[in-house]
Amino acid sequence: MALRAIFSKKTPVLASGFGAGSRCLRSGLCQARGVAAVALPDLPYDYSALEPTISGEIMRLHHQKHHQTYVANYNNALEQLETAVAKGDAPAVVRLQSAIKFNGGGHINHSIFWKNLKPVNEGGGEPPHTSLGWAIDTCFGSMEALVQKMNAEGAALQGSGWVWLSLDKGSKKLTVETTANQDPLVSKGANFVPLLGIDVWEHAYYLQYKNVRPDYLKNIWKVINWKYASEVYEKETA
Amino acid sequence: MLLLQQAASVACYGGLMVISSLPPTLSPQPLSWRKKTPKIKMKSGQCIMRRALIISELELKPPPYSLNSLEPHLSRETLELHWGSHHRAHVARLNSLIAGTDLDGMGLDDIVIATYNKGSPRAPFVHAAEVWNHDFFWQSIKPNGGGQPSGKLMELIERDFGSFSRMLKEFENAALTQFGSGWVWLAYKANKLDVGNAVNPCPSEKDNKLIVLKSPNAVNPFVWDYSPLLCIDVWEHAYYLDYENRRDEYVAVFLEKLVSWEVVSHRLDIAIKRAADRAREDEKDS
């Protein structure tokens, strides 16, 4: 088993370091700064563990390059923001917002995404026989209908973005939402909690599926981690 | 109309018809392209021509070089997918969306403007604009490109950016900060106040100047009445097979090795003339 998998036997921590006591999984980055920096979370499985659905090459690039870049750029932007705020430089504060939104959103979204996936031999793809399963039947008619809707909306999304199974924690209703670029789900509605997100940026599938995004969407359900989605749902509807 | 076997290989996203197969291997030789020709279709079953339907379909223009000739900078596989699948799919989808509508028979430029609809795009816009953008993109580059511009183009670059390297820097920076899919442009912005849905009561300091700008997804500055001179596609499919996530490397290679400054110069000449003609018209009207 890969070294990474041994380490991941521990509960992976999303190291969004707010204040003291936050764990940081990369060298000293969090401790060195007074700002609330973040770190790249480890994957709870090997890069190749989702094959043949998603190739190890894609997982490695997606995690080590794309997500890591969002983390680095977000931390960089936060540092600049701290300086700008301290100086009272309002134009700089405003100018930094797009980088914070994009890179911070990228970090948030991908951190959820890694938890949304699971190797088949660890239960990936197994549909929920839980309150979430019943809620899906109620809101969409059936699991098949939900999958079809998410696939259709994911395929129709122009450019880059995400397709989500969303829980409105106010009304407790489930809906399918899409967000553009790296906008997190909460940008669609303050009450929206992401249960599942599927990355439809080309980098998520191009090396393997080329321009056939619908094939990627059709296949990804084989490695969806419904256990995680159920846990989030139960926590929010308790 | 695309041949059925070509249509069968179309596979793309964005709500389009999908058949899950890779495109056929394309010949490395450029296809001779035909201009958009109106066809006369006989109503089936009629011996006598009682009524003829004029169908004008836009066709996929091949790049003016073979698909392997941009190697090692852009691989043949990238060109086969980018032109042969992505670009081709937009042509097919556009044709199917405009058939029998008020857009049928219009030239591509007019379709782009009409479907942009002053900032509230209609459904065909994404496909029309992507056909336009990709045609423009293939023409902007060439084998053994790069180097430096000269003449009027270099003169304006130095006037409006300070230096050629500063312009390149601004172009690169725009390409790296286009968050998500989109395009980056070098464009000539003429002194035209009506920019569609934008409120622009005053001429800006950027009028009659070269500028660098970026646009998301399918949008292009043509819809804002600018004159595009050069573009780079920064959708991930444009570079991912060859450069993975290293967009910076792709952009650097594009500028150093691929740009056809002759084409950019030629476009600038047309843009300046267009601006001068319009300025004369405006003067006559006022």
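Note: Cβ is positioned from N, Cα and C throughout, glycine not excepted.
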Co-listed Mn(2+)-binding residue [TrEMBL; alongside A:His62, A:Asp199, A:His203] among A:His110, A:His129: A:His110
Subset of A:His62, A:His110, A:Asp199 (binding-site residues) with C-beta under 8 Å from chain B: none
Binding-site residues compared (A:His62, A:His110, A:His203) - the one with the fewest other Cβ atoms within 10 Å: A:His203
A:Asp199 (Mn(2+) binding site), number of other Cβ atoms within 10 Å: 24
Structural state of A:His62 (Mn(2+) binding site), classified by DSSP into three states: helix
Tally of DSSP helical, extended and coil residues in the domain 'Manganese/iron superoxide dismutase C-terminal' (A:130-231): 51 helix, 24 strand, 27 coil
CB-centroid shell, 8 A cutoff, Mn(2+) site A:His62, A:His110, A:Asp199, A:His203, site residues removed: A:His63, A:His66, A:His67, A:Phe113, A:Trp201, A:Ala204
